[in-house]
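What follows is one structure encoded as structure tokens, with my remarks underneath.
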Amino acid sequence: NLYQFKNMIHCTVPSRPWWHFADYGCYCGRGGKGTPIDDLDRCCQVHDNCYEKAGKMGCWPYFTLYKYKCSKGTLTCNGRNGKCAAAVCNCDLVAANCFAGAPYINANYNIDFKKRCQ
């Protein structure tokens, strides 16, 4: 769920508050439209697509609880998660790891969505 995703982000990117990722680019934090503006925004587009795929499986990705572990910046989804929990955990894990590897460009935070995301 979104609370667990926030905690996963904190695991992989402890130096930056989670909410910095909630209004970034064209895909981080809102529906998503247009071409991703950078690598971090592309991480969010992939995450959105992953949630969409989980939804098509009959899952509720924003609310599905799952089990995972964070150890020294490394995330692991619990192998005993059910079908939906496993799918959503994997979406969040991949995104949190992607965030950790992508540069954060301050100018791409809180952009003019209507102008830049067509």
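One-based numbering along the chain as shown.
Glycine too: its Cβ is placed from the backbone N, Cα and C atoms.
Small disclaimer: the values here were computed from a predicted structure and weren't measured.
DSSP assigns Cys70 (disulfide bond) to a strand segment in the three-state reduction. Counting only same-chain residues at least 6 apart in sequence, those with a Cβ under 8 Å from the Cβ of Cys70 (disulfide bond) are Asn7, Met8, Cys11. Residues or ranges marked as disulfide bond in Swiss-Prot: Cys11-Cys70 (among others).
For Cys26-Cys117 (among others), the entry in Swiss-Prot reads disulfide bond, with the evidence type similarity to another entry. Over all protein chains present, the Cβ of Cys26 (disulfide bond) has 24 other Cβ atoms lying within 10 Å.
In the three-state DSSP scheme, Asp48 (Ca(2+) binding site) is classed as helix. Asp48 (Ca(2+) binding site): 18 other CB atoms within 10 A of its CB, across all protein chains. What Swiss-Prot records for Tyr27, Gly29, Gly31, Asp48 is Ca(2+) binding site, and it gives similarity to another entry as the kind of evidence.
A strand conformation is recorded for Cys28 (disulfide bond) in the three-state DSSP classification. Counted within 10 Å of its Cβ, the other Cβ atoms near Cys28 (disulfide bond) come to 24, all protein chains included. Taken from Swiss-Prot, the feature disulfide bond applies to Cys28-Cys44 (among others), supported by similarity to another entry.
Residues annotated as disulfide bond in Swiss-Prot, with similarity to another entry given as evidence: Cys43-Cys98 (among others). The Cβ neighbour count for Cys43 (disulfide bond), using a 10 Å radius and every protein chain shown, is 25. In the three-state DSSP assignment, the secondary structure recorded for Cys43 (disulfide bond) is helix.
Note: His47 (active site) has non-local neighbours Tyr27, Cys91, Asp92, Val94, Ala95, Cys98, i.e. same-chain residues 6+ apart with C-beta under 8 A of its own C-beta. The active site annotation in Swiss-Prot covers His47 (among others).
Its own atom aside, the Cβ of Cys91 (disulfide bond) has 25 Cβ atoms within 10 angstroms in the protein chains shown. Marked as disulfide bond by Swiss-Prot on the basis of similarity to another entry: Cys50-Cys91 (among others).
Per Swiss-Prot, the feature motif 'Coagulation factor Xa binding motif' maps to 52-69. When averaged over the motif 'Coagulation factor Xa binding motif' (52-69), pLDDT in the model lands at 98.
According to Swiss-Prot, the disulfide bond annotation covers Cys59-Cys84 (among others). In the three-state DSSP scheme, Cys59 (disulfide bond) falls into the coil class. In sequence order, Lys83, Cys84, Ala87, Val88 are the residues of the chain that are 6 or more apart from Cys59 (disulfide bond) and have a CB within less than 8 Å of its CB.
In sequence order, Gln4, Tyr66, Lys67, Tyr68, Cys77, Asn78, Asn81 make up the list of same-chain residues 6 or more apart from Cys89 (disulfide bond) whose Cβ falls under 8 Å from its Cβ. Residues annotated as disulfide bond in Swiss-Prot: Cys77-Cys89 (among others).
DSSP gives Asp92 (active site) a helix state. Other C-beta atoms found within 10 angstroms of the C-beta of Asp92 (active site) number 27, with every protein chain shown included. The active site feature in Swiss-Prot is assigned to Asp92 (among others); the stated evidence is similarity to another entry.
Within the set of disulfide-bonded residues Cys43, Cys44, Cys117, the entry lying nearest in space to Gly29 (Ca(2+) binding site) is Cys44 (CA atoms).
According to DSSP, Cys77 (disulfide bond) sits within a strand segment. Taking Cβ-Cβ distances under 8 Å and a sequence gap of 6 or more within the same chain, the neighbours of Cys117 (disulfide bond) are Gly25, Cys26, Gly32, Lys33, Gly34, Thr35, Ile37, Ile111. Take the CB of Cys77 (disulfide bond) and look out to 10 A: across all protein chains shown you find 20 other CB atoms.
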